[in-house]
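Peer 1: Look at Swiss-Prot and you will find CYS64-CYS95, CYS81-CYS100, CYS85-CYS102 tagged as disulfide bond. The signal peptide annotation in Swiss-Prot covers 1-19.
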Amino acid sequence: MKFFVLFAILIAIVHASCASVPKVVYDGPIYELRQIEEENIEPDTELMDSNEPLLPLRHRRVTCDVLSWQSKWLSINHSACAIRCLAQRRKGGSCRNGVCICRK
């Protein structure tokens, strides 16, 4: 019974860490917005460069910071990162400075 509970918790953790990874990048049309009249803009504000693409926010530290704990019976320090990398079809990985680094 203890093994089943630990296995269920591990499956829930793997599912939660894989759910935060975007699976598909949007390739549809991107429509331009109209230009704002520059005379209404305050001189102290900086405009964002329109040539830089907006990248999605990635939370890479969850598997290494939150899941990096060990007890007397169980330690999942680098194994959570390795499972996350295997789910991304990579060859495993490890935690470095709180960030999960996957092997190629």
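Sequential numbering from 1, following the chain as shown.
Placement of Cβ uses the backbone N, Cα and C atoms for every residue, glycine included.
Buried or exposed, and what's around them? Tell me for each listed feature.
Peer 2: Cβ neighbours within 10 Å of CYS64 (disulfide bond), excluding its own Cβ and spanning all shown chains: 22.
Summarising the environment of CYS100 (disulfide bond), the number of other Cβ atoms within 10 Å of its Cβ, over all protein chains shown, is 23.
Under 8 Å, Cβ to Cβ, and six or more positions away along its own chain, CYS102 (disulfide bond) finds CYS81, ARG84, CYS85, GLN88, ARG90, LYS91, GLY92, GLY93.
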Peer 1: Cβ atoms within 10 Å, counted per site: which of CYS81, CYS85, CYS95 has the most, among these disulfide-bonded residues?
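Peer 2: By the 10 Å Cβ neighbour count, CYS81 comes out on top.
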